[in-house]
Amino acid sequence: VGFKAGVKDYKLTYYTPEYETKDTDILAAFRVTPQPGVPAEEAGAAVAAESSTGTWTTVWTDGLTSLDRYKGRCYHIEPVAGEEDQFIAYVAYPLDLFEEGSVTNMFTSIVGNVFGFKALRALRLEDLRIPPSYIKTFQGPPHGIQVERDKLNKYGRPLLGCTIKPKLGLSAKNYGRAVYECLRGGLDFTKDDENVNSQPFMRWRDRFLFCAEAIYKAQAETGEIKGHYLNATAGTCEEMIKRAVFARELGVPIVMHDYLTGGFTANTSLAHYCRDNGLLLHIHRAMHAVIDRQKNHGMHFRVLAKALRLSGGDHIHAGTVVGKLEGEREITLGFVDLLRDDFVEKDRSRGIYFTQDWVSTPGVLPVASGGIHVWHMPALTEIFGDDSVLQFGGGTLGHPWGNAPGAVANRVALEACVRARNEGRDLAREGNEIIREASKWSLELAAACEVWKEIKFNWQAVDTI
């Protein structure tokens, strides 16, 4: 067929409702809001075209390749209930479009220029189905849930953490003191805040040294393995790895990375280093709400969570359902399952558009953090289960008697909830009573209960089905 210059509708090439998806295809579900007058089929086809092989006009070099082999295809369109001007477009991408083991390349195609396309008023990537054949090109999490439990020798309960506050301004020695007090009081982990890197008031090397001293002192006194998430995030990949190397030399168990601001290339490099050198990797999702908060534009966090499991991380922040940050229960539990489980069935009631098989990729521990305190402990234990990290920053350091009593209060509350659950009690219904009973024999918990008895964050979640 000879080359014919000009512009033709995307749907003539890229809308293929008869297409049967392959096991090796990457499947995407986009929420599309087209400009007025743009038909659904044309808008869906435009998304498929602009995120794969297409451009705005026909080009003669199309004849030098097999478009049928490489093009993305919009294979199904369905309306969004309650939204007249929105629909879900399902797009299938052949695996050959993507570099092996590169989240960066996958996202550059699927959520690249197409999000600025003029024919669309808004576009949101709701979910991805990543085929096993592509998953197997990634290392994934450095260690995973079971290996972490074995390293820490901690089983049968959620892990407890605390973000050191104030997040900025402390000297390294005072910072290390707070770490020691929290770990000595009964927490498993303490944490650098996401924006603690290497600032004039506290350079990274000083912080690492004082935190390592705190860890070893707390371990010696409690007989438990302890950790502090040392944030290795830096301005360059080379500097990031240098910090991780120093953490390994200190013998600490875990480092941390801000994976969205740091970038997927840097994160994958750090995850590989962590597996090779026995370090756990905690992931913070700073900047996620810029990408996932709007309901009709951007990318849902479940996609960012899947991308993290590919790129690599042993923990990731995943909302709390009950605290100060965004997170509706069923949707949150949907992507928590996508982080932890080996096989997750399609379930639209939880926002899961595709069945996902992780083919034994290690799981990631979800971290509940943000505005939570001892009264939330029963709900958090019931919602997240044992394979989670519950992190209380202000809920530890805000205790009226200090940091160590704050840690004691949280540990007592957690142990009480786990014991009550194991005895068959209903945490959702009897939670407050369980905490009150425990506070009778723990003065630290009683004081915490009194301070935070009136604190609630009663705003509606934006992210709903």
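Placement of Cβ uses the backbone N, Cα and C atoms for every residue, glycine included.
Residues annotated as active site, proton acceptor in Swiss-Prot: LYS165 (among others). All protein chains included, LYS165 (active site, proton acceptor) registers 16 other Cβ atoms within 10 Å of its own Cβ.
Sequence-distant contacts (6 or more apart, same chain, Cβ under 8 Å) of HIS284 (active site, proton acceptor) comprise GLU194, ASN231, MET256, HIS257, ASP258, TYR259, ILE316, HIS317. Taken from Swiss-Prot, the feature active site, proton acceptor applies to HIS284 (among others), supported by sequence analysis.
As annotated by Swiss-Prot, Mg(2+) binding site applies to LYS191, ASP193, GLU194. DSSP classifies LYS191 (Mg(2+) binding site) as strand under the three-state reduction. LYS191 (Mg(2+) binding site) has a Cβ environment of 28 other Cβ atoms inside 10 Å.
Here Swiss-Prot flags LYS4 as N6,N6,N6-trimethyllysine. Cβ neighbour count for LYS4 (N6,N6,N6-trimethyllysine): 8 (other Cβ atoms within 10 Å of its Cβ, all protein chains included).
Swiss-Prot lists LYS191 with the feature N6-carboxylysine.
Residues or ranges marked as site 'Transition state stabilizer' in Swiss-Prot: LYS324.
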For ASP193 (Mg(2+) binding site), just count the other CB atoms lying within 10 A of its CB, please.
19
For Mg(2+), residues beyond LYS191, ASP193, GLU194 with C-beta within 8 angstroms of the site's Cβ centre include exactly THR163, ILE164, LYS167, ASP192, ASN195, VAL196, TYR229, ASN231, MET256, HIS284
Count the other Cβ atoms sitting within 10 Å of the Cβ of GLU194 (Mg(2+) binding site), across every protein chain shown.
21
Cα proximity to LYS4 (N6,N6,N6-trimethyllysine), best match among recorded positions LYS165, LYS191, ASP193:
ASP193
If I take the alpha carbons of LYS165 (active site, proton acceptor) and ASP193 (Mg(2+) binding site), what is the distance between them in whole Å?
8
By a three-class reduction of DSSP, LYS4 (N6,N6,N6-trimethyllysine) is assigned coil
